[in-house]
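Please read the structure below before turning to the comments.
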Amino acid sequence: MALTVKEEEFSNTLIKNASAFDRLKLGNLKNLKIQKKLQFLYLILFVLITGVFFFFLIGNFYSHRKLYQVIKNTKHTTIGFKIDRPHDKVLSSVLKNKLSTYVKESFKFFKSGYAQKGYLGSENDSIELDDVANLMFYGEGQIGTNKQPFMFIFDTGSANLWVPSVNCDSIGCSTKHLYDASASKSYEKDGTKVEISYGSGTVRGYFSKDVISLGDLSLPYKFIEVTDADDLEPIYSGSEFDGILGLGWKDLSIGSIDPVVVELKKQNKIDNALFTFYLPVHDKHVGYLTIGGIESDFYEGPLTYEKLNHDLYWQIDLDIHFGKYVMQKANAVVDSGTSTITAPTSFLNKFFRDMNVIKVPFLPLYVTTCDNDDLPTLEFHSRNNKYTLEPEFYMDPLSDIDPALCMLYILPVDIDDNTFILGDPFMRKYFTVFDYEKESVGFAVAKNL
């Protein structure tokens, strides 16, 4: 029997089916159109991201350029310095030790109501809050005719200048710039033994005299050569500074020595016995110390002065308002060495509980939600003026932990029952003048350069 196979029977039914073939072509066309639309969207997204990036770069460039021009054109000696922020180290440690979940879950737990409402820490917490409150302004200076370089902490809370000596055999001194008296022709021997104590420990050594240089200013000055810094460990070894340049008052000094700025004025090296701090809003890791005059381009609006109420510290009288909580005639210390606003514990705990602020157990972190509308503008009233500090200046998002959570730069510190410290958050909003001759502190709103 003959078997006949027709061509149309052999052909693929999909090809034979014209409607199916048409649908296939239509589908390909649709996919092509979708791909083109996606490519177009990707292009738009790329342009937007690139535009935002370049806008940021240009804005940052012009911001730094404005600041550079101010510093370049100022008539007064201005020294840039780095700021070592302890909260950065805490957050870095949290991330390094994978404690992000612990922070988030601690906040949820204490907010849930299953535990003590508004947990604010206990005596069992292992990290001292005083440590995280410490702030360091690092700036360069030189000693001797051969300009031996040192990195100083500019500290308004102390009044002596010290550097480590080549005769220092402490562990921390092994990594520091060491002062060598034999290398300087302007060195004058004193040799009087001395020790000076700080909250973190005591240093020991002896007095010497040599030429101190800060920027384009220089003067013969009596300082301490430190030979023993063991009590400062482990802070000293783990920090960048070599020594401390005290910017406090003579009566606070060991040896009754005039502060560097006062001595510069006595020797007619500067016009006024004052110094100022400008902390840029856009960069929390740098600042500028100006000696001998006031650079008006660092601030805007009026510059107002508050009379000191103490002969040892830059301390003034203020009525302080944390929302409904008020401390009348509080002592307010303006301090470059404090990273936060501090307040007496009993006062601050009431405020924190009302504001739904929680302390993370065993960590020096006080946190709340970033959208916490209960947080008020802090107010500081003098007899004639009012200074304010909005939440944006005293809180920051914990972006790498939980973007919904913010930490507060307000800490409980008990100097006594009515003393507050106005540290970095306050000085970042307000350009600050420390005036020895007027025995006053001046404030003006800092420009965002």
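Cβ coordinates are placed from backbone N, Cα and C, and glycine is handled just like the others.
Disulfide annotation in Swiss-Prot: CYS168 is bonded to CYS173, selected among CYS173, CYS370.
ASP155 (active site) is 20 Å away from CYS173 (disulfide bond) when you measure Cα to Cα. With all protein chains in the displayed structure included, the most crowded Cβ environment within 10 Å among the disulfide-bonded residues CYS168, CYS370 is that of CYS168.
For CYS168 (disulfide bond), the nearest of the recorded positions by C-alpha distance turns out to be ASP155; the candidates were ASP155, CYS370, CYS406. In this structure the alpha carbons, written CA, of CYS406 (disulfide bond) and ASP335 (active site) are 24 Å apart. The separation of ASP335 (active site) from ASP155 (active site), Cα to Cα, is 8 Å. Counting only the Cα atoms, the space from CYS370 (disulfide bond) to ASP335 (active site) is about 27 angstrom.
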